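Participant: My questions will all concern the structure given below.
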Amino acid sequence: MRFVDYVSIEVVAGKGGDGIISFRREAHVDKGGPDGGDGGWGGSIYFVGDSGMNTLLPFYQTKKIFGYNGENGRPKRQTGANGKDIFIKVPLGTQVFLKKSLICDIILEKKYLIAKGGRGGLGNFHFRNSKNKAPRISENGELGQNFYLDLQLKVMADIGLVGKPNAGKSTLLSLISNSKPKIANYEFTTLVPQLGVVKIYENSFVTADLPGLIQGASSGKGMGIIFLKHIERCRAIVHVIDFGSDNKNPIKDFIEIKSELEKFNKKLLDLNQIVIANKCDLPNFQFNLANFKRKFPKIKIIKSSLISAKQNEINIIKEKMFGLLEEKQKKLEIQEINTSKIEFNLKAPFLIKSRNNGFFEITGELIQKIIQKIPLNSQENILRFNAKVKKIGLWDELIKKGIKPGDLVRIYEFEFHWN
């Protein structure tokens, strides 16, 4: 399956159903009164963390997600059915961004509210009072929340395997876990992160084989920054370095990898780290190992020839890796989305664009909400709409701009001539 770790999508929650204008009409019931029912809630959109997924490919193929609309109200004070909520599985480690701000970090197998469905509109039964016992007033359902989101996947791994291309990372992952990554004797065999579950005694942890890093990776060279971000999730780092092959310089390789990690995110250097010195069966190994120990005396090193490693060597590697996690307990910051707090900006209730030919166009989030909510299907609703826009100062502002009788006014889809 194709690995996709970044997509942009649009989510549109369901619109609330419209309230209706209705009056009770039954035999032998004189002046039955208003009985228009309310609209149902629009369906919301949820993301659900799924440990069985490891790619955002489904979103790459489906760029828009629409919620189900609520049903309109019915006579006899019947409320319309709510729109069905949508639950969409996403890989654990998915981050959700709205206008480049992180609003949700999906790290648990639970549901996260992404876009809330619109409230259903009120039917005329709700507008009855002692002065108006037969109101011809109703409301449309509110639009569901509509967001353009960026999704970014950072794999959920406890330990990240890093190193130069063809250093032996994929071989190591295949030995310690149930993963079967592609292994070959050429650079950049691993083109996407590979995950494996490592079992040790009664415990287990997840290890990620990340594509080989080269000098300049933090600036986009090679596999580059595309996959460096996946290391940020890890709690520990294991460097796999070729100590035995000709023309290899383990000291230089280690310094370059650490430098790229630091340039990308300085906090990565605070993680527990060990080095697996690979290819101990080759002639250059002992010379390179001695030089490395002199240069980095405090670095923990595990000697191995991964391609011919025995089971007891593999068990030692697994124990050392698990020890890195025991030293530093897992700390996860969980930030859940709360889209109900993402409100429309009402600081500018409307914007008037006027033209020389007597045409005035009105836009703005507040005026859009008003005209969307109040259906202009009765004289009382028109009067209610008029009172709302007068209250926010729209009519006064049009007069200041020199509007004349007969001029055309457009408020989104609604047009009328000024009188």
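Using N, Cα and C of the backbone, Cβ positions are placed for all residues, glycine too.
So Swiss-Prot lists these for the protein:
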type	residues	note
DOMAIN	1-156	domain 'Obg'
DOMAIN	157-334	domain 'OBG-type G'
BINDING	163-170, 188-192, 209-212, 278-281, 315-317	GTP binding site
BINDING	S170, T190	Mg(2+) binding site
DOMAIN	342-419	domain 'OCT'
Participant: With every protein chain in view, what's the tally of Cβ atoms within 10 Å of the Cβ of N315 (GTP binding site), excluding that atom itself?
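Facilitator: Excluding its own Cβ, N315 (GTP binding site) sees 14 Cβ atoms within 10 Å.
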Participant: Note the mean pLDDT of the domain 'OBG-type G' (157-334), expressed as a whole number.
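Facilitator: Value for the domain 'OBG-type G' (157-334), mean pLDDT as a whole number: 80.
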Participant: How many of the residues that make up the domain 'OCT' (342-419) does DSSP mark as helix, as strand and as coil?
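Facilitator: Per-class counts: 29 helix, 18 strand, 31 coil.
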Participant: Is it possible to get the count of other C-beta atoms within 10 angstroms of the C-beta of K279 (GTP binding site)?
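Facilitator: Counting Cβ neighbours of K279 (GTP binding site) within 10 Å gives 22.
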Participant: Sorry to bug you, but what's the C-alpha spacing from S170 (Mg(2+) binding site) to G163 (GTP binding site), rounded to the closest Å?
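Facilitator: Rounded to the nearest whole number, the Cα-Cα distance is 11 Å.
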Participant: Around the C-beta of G163 (GTP binding site), how many further C-beta atoms are within 10 angstroms, looking at every protein chain?
Facilitator: 24
Participant: Run through the Cβ atoms and count how many others sit within 10 Å of the one on P211 (GTP binding site).
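Facilitator: I count 24 other Cβ atoms within 10 Å of it.
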Participant: On a simple 10 Å Cβ count over all chains shown, which one of the binding-site residues N166, S170 is most densely packed?
Facilitator: S170
Participant: List the binding-site residues among P211, K279, N315 whose C-alpha is within 10 Å of the C-alpha of S170 (Mg(2+) binding site), in sequence order, or say none.
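Facilitator: Taking P211, K279, N315 one by one, the ones whose Cα falls within 10 Å of S170 (Mg(2+) binding site) are P211.
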Participant: Please report the number of other Cβ atoms within 10 Å of the Cβ of K169 (GTP binding site).
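Facilitator: K169 (GTP binding site): 31 neighbouring Cβ atoms within 10 Å.
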Participant: May I ask you to report the DSSP-based helix, strand or coil state of N315 (GTP binding site)?
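Facilitator: Helix, per DSSP.
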